[in-house]
Each structure stands twice: as C-alpha cells, then as structure tokens.
Amino acid sequence: MFPSPRLLTALWVGKVAISINRHIGHGGTSLPGMVGRKIAPQVLSTLASQLKKGAIVVTGTNGKTTTSKMIAAIMEKGGLTLTHNRAGANLISGITTAFIHSASAGGQLKSDLGIIEVDEATVPPLTKEVKPRVLVVTNFFRDQLDRFGELDKTVDLVNGAIQKLPPQSTIILNADDPLVASLGAKYTGRVIYYGIESRSYGNREMTQSAETRFCRLCGHSLDYDWYFFGQLGHYRCHHCGFQRPRPHITIGDISLKGEDGSSFYVETQENRWLINLSTPGFYNIYNALAAVAVAWHTKVADQAIRLGLEGYKTNFGRMERLEIGEGRKAFLALIKNPTGCDEVIRTITQNEGPKRLLIMIQDNAADGRDISWLWDADFESLEKVASQLQSLTTSGLRGEDMALRLTYAGLPVQQIEHKANIDEAIRSTIKATKTGETLYILPTYTALLAAKTTLTRLGYSSKYWEE
Amino acid sequence: MVTSLRLLHLYPDLLNLYGDRGNIITLKRRCQWRNIELAITEASLGDKVDFANIDLVFMGGGSDREQTLLFQDFKEHKGPALVEATEEGLPLLSVCGGYQLLGQYYKTHDGDEMPGLGLFDAWTEAGESRLIGNVIAQVPMLGGKTTLVGFENHSGRTYLGSSQSTTALAKVLRGHGNNGQDKSEGAVYKNALGTYLHGPILPKNPALADWLLSKALERRFGSSQIDSLPDCWEQKAHQAIIKRFS
Ligand SMILES: [Zn+2]
C-alpha cells in the first residue's frame, strides 16, 4: 500500500505534536489527532484498515477504560501487538492520536489488533471510520447529562450505530443491564451476552440510586427478582415478554476480599476459568467478565486469559493503590456518576480500619457542568463508618457543595473541612494519614488530573500518559 | 407533643432526573433538626392519594418518555385532586417537567398542544436548543434581595399568562430562567411553586425550603413559627455560586 502524501503529512505533523506534548510534560492526547484529521480526514480509517486482526471497540458509561485495559492485558499475554487509546482519550481525536502514534513514519500500522475505548456519543462517527470486529457495551448509567439531555438519546445513538455495523461484526452485551440487552433484541448479527447468574451478592430489593427500570421496547415497568446495583439484575417485562437474555458467559463462586480484590470463576458451557483479580470492587468483576467474553470469542488461549487478568493492576484512578509509606495506605478512585460512586462508597465501607476521606468535586466541561448527581449517590452509607473517619475533607471548585451533601448525609458537620486548593488538600491529607490508616481520595475527572500532577511531584504516582 | 408533617412525593420512580431526590433529603433533615417528624409517602402509576392527609407535595422532572408514561394517570387521577388541594393552600414544589405538567399546555415542535393541569397560568413551548447552566435569581417573596441559585437544563420555554394570580418565582440575574427572554424564573400560585432549577434547588437555598415548611406548618397547626438553623455549608455553597457566576 502506498500512502498518499497528504496522509503522510498528517502522520508526521501528528507525530511531532505527540512528541512536543510529551516533551513539555502534559498528557494532552487529543490535539495531535485533531491536527492530523484536519490535514487528512481519512487518516484514522486508513490506518485502522491495516489491523490484521481487526478492532475491538468498548463503550458504555462505566467500566470502559478498565474493560479495555483488561482486554489489552490478556491480548498482550496472547502475544499480540496492540494499538490502544490507553490514556482514556475516548473521543475521535484522541483515538486518532493513538493510531498516529502507533503507525510507522511510512504510514504502515504494524499492530495486530486495535483496542478502542470510545465515549457512547462517539460510537456512530467512530464505527463509520473503524469497522469493529467486536463491539462491547458495558452499561448505561446517567453520566454528565448536560452533554446529551437524556440517557434515552444515548442509548438510541448507540443502537443506531449498531444497526449499521457490517454483518460479520459481533456485539458483546451485558445481559444484566436491560438498557444494554435491549440493543441485542434488534440486532441481526451475532450477539454474545455476559451476565452474573450467582446470587451470592446483590439484593432482592432495590437499595441504591434509582436508574431507569422501564422496558425500552414497550415502556412498561420491569419486574426484578434480583438486583446487583443500579438497574443491573435479573428482570423481565410482563407486558411485551422482553427479558434478561440467558448469558453465554457467566460467573460463579464469587468471593470478595475487600481491598485485596476478588476471586471467581468465569464459565461458558464448555470452559471454566478461575480468576484472581487484585482490583477491588464488585463492578470490576463485570469488567473482567466482559474482557473474558472478548477473549473467549476471539479464541485467545486460556493461559493468556488467566495471566492477563492476574497481572492486571488497577489503572488510572480506578481504585488505584498509592504507596505513601510503610503501614499507610491510600487509594485514588474516580467518581463521576451515582452508580459508580455508590460502588466506591461500598468498597470504602467494607474496610473496617481507621480511615480518612478526601472528596474533590469540580464542574469543568470534562466533569459535567451539572453536579446534581451528588444527591443521587448514597453518601448516607458513610454514616455506618462515621466512627472510623479520622477526617473528612472536601476540595475543588464545588467542594462546598460536597461539604453540604455530607452534612445532609448525616455526617458530623464540625468534622467536615473544605480546602479549596486541590494541591494543598492532597498534601495535607497525606501528611495527616498515620500508620494503620487508609486514605481514600475521590476526585471527579479534572480533579483527578490535578491530583495526578500533585502525586507525581510527591513521587507517589506514575505519569498517567505513560501507563 | 411531636409535631409531624406528611410529604407526598409524586411519581418518584418516573420523575427522578438530576438529583432532585436531594430536595426530599433536605426537607427531611431540616425537619429532623427541628424535632419535626416528616413522614414521606410516595405515589406512582395507579396509586390512590387522599390529599386531606398531605401537608406538602414534591414533583420532579423526567425524560419525555417518562412524562408521556405518567401523563394519563396524572391527568385523570391525581392531578385534579392536587389542583383542588393547592387552591386551598397546600404547599407544592414542582421542578422542570413537573412544573410544565402543571401549566395550561405544552406545545410540541409539530404544533400539537398537550393540555396540562392548568394550576399555573403559564404555558410551555418546545424550543430548538437546550437552556443549560448556572442560574442566579432574586426572590421577592422571600424578602429583600434573597437570592436563589441553581442549575437549569431544559428545552421548553415557559411563558406566564397575564392573570395576576400566577407570578414569577424569581427575577433572573444570570442564566435563562423560564424562557431566556423575559428574565422570569419559575411560577408561584398561592403556596404552589414551579421552577426550572435543579442543583438540586433546596439544599443551597434553605430559605426556600423553610418557606415551604412554614407554609405546611401554618396550614396544619395555624402557626408558621419555625426555628432558625445554623446553615453553615448551605450559605457557603450558595455564596460560592454567587461569587463565581455573578
Ligand atoms: Zn416490554
């Protein structure tokens, strides 16, 4: 293949932009792709068409970063080379940057497989340029509503893109999320469902923040006989007959081990894999299950699946463990919507020891301008561990709002402290954390970026764009 | 004797966008801190309500699909009784979609008019763009220059009619409000309030929360006396918005 001069120019300019970005030391990952696309609009589709084993595309509200990183860990153990937008830049320009970075200066892409994490609203333009071999949809929760107006529209956008996929594409869907599973009802190509059958965790009654629990096909309310979290569970619609599809790939014998992670079996009709996951949180079991579903479908060796997931470490701010000195623990966990936040709170309340909490809320465009969701998240659960809380600090542009939320969640008002400056808030809470204590830092997205800068300066964290 | 009030949350499973649950949390805590017992009942599709037992009503907003789902139920069953009770002074807070449903009608893009309950002398027209962002406004009924802060996100444009019985809840200093044109935000009819403000509205505007509670106390017990609260973070969070956005 002889790349056009225009494409080569786009590549070179893009590559220069990437190296300048790294040189000046910030992880801005969308600009090079944006510039490249201006020069040669077809740069992404041309490069992606060279992938020998095609592209795996992962979307959904929560877990897409973790799931795609887990898939990457497995595929690397399987001996494949990858093009992957690792830094979580999941809009079209960020994805293009990853492909420009991966290509040779002569315009050749040497990778076997593409792993693309993509924002839900970007699925339609992306799948026009990159024909996915596999598309994974993890879940749909309310997230940064002010970008779209409503969750329904997001689901419609993804559904529209799925209807236009080439017939050989496979879609892998979370059977436990009725909004996701409804996508499969209308798709004529191959659909693989994953879900949790085991009822050793979850509840018969709905306990956490309310999400839409209405049938997408007919609008009537769904009947549940089991809830995991949010609208995820075992459901059926008595009006039109839509029901949770029987998963092809599922999980048995879950054992949660607090902040040490979990172990469980992933099962298909003919296989059974024991997985030890060092990443805490029930929701990460779903992410691992989605990753195994992709690996199983693409016929990766069993050994690679096991080793890939066991070697997988918590990534960029998703309950990421920070080493802050002997006997002192710190975790960094991004919060961005009620369901994800509730799972983080649940993990925190499982820890019995003395702890400190630093919650950093911002309302920049990347965080979502509307922070109303703080009131849908279950901060009331923290009351159970109030006696173990050594300090409770808020920070960020909306730190006062967070302090107010905690007050109404029933936490002692005199204990709540607000430090506007993120850098200072992190330094002082780390300093205050004593031997035997655990510090939890819960930032929204832009607060996480700011936190990373401080933590890197303090020597506690890797530079995120190198992960 | 324990003072107790009853709050009715209408369609909590359908009208639950944008953290409006925070309004219920706020009313509950502000009662608890004053030793008032606030019993919360919920009513959704098919449920019957006896408004004689209710002291305060909350109704949030939902997506178009969810509002269509409950429209028939509201129009035929709960709506008329609710209007009757508010005529007799029942305090009500309706936000966004709930506010629109209580107007005269909603005019869609195609020009169809969906009739509302007609509690507020107001109507809504579908707009092209969404009006999104932080709002700062002044509320005359809370006296002086009391400000209201919140976050709006709506495509409907609401216009108040010429009858004097329905007035604007607030005058917009920053943001769009009812329609982005006449600087009005929300509506007041007797003790019933409509607003576009999420955020949610009550936590950062404790004066408005207390206005609703004192109206409820007055109607039930004949006295609107209400203890003041320290409102430390309430004021700080309120002032932070004023400082950043005005
Ligand atoms: Zn149905």
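All positions are counted from 1 along the displayed chain.
Even glycines carry a Cβ here, placed using N, Cα and C.
The shown structure was predicted, so the numbers you read here are calculated from the model rather than taken from an experiment.
Sequence annotations record features per position, and here TrEMBL assigns domain 'CobB/CobQ-like glutamine amidotransferase' to B:8-205.
B:CYS96 (active site, nucleophile) carries neither a helix nor a strand DSSP state and counts as coil. TrEMBL lists B:CYS96 with the feature active site, nucleophile.
DSSP assigns B:ARG130 (substrate binding site) to a strand in the three-state reduction. Under the heading substrate binding site, TrEMBL lists B:ARG130.
Positions annotated as active site by TrEMBL: B:HIS198. Within the same chain, residues at least 6 positions away in sequence whose Cβ sits under 8 Å from that of B:HIS198 (active site) are B:LEU17, B:TYR18, B:GLY19, B:ASP20, B:GLY61, B:VAL95, B:CYS96, B:GLY150, B:PHE151, B:GLU152, B:ASN153.
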Sparsest-packed among the recorded positions, when each Cβ's other Cβ atoms within 10 Å are tallied, from B:CYS96, B:ARG130: B:ARG130
Subset of B:CYS96, B:ARG130, B:HIS198 (recorded positions) with C-beta under 8 Å from chain A: B:ARG130, B:HIS198
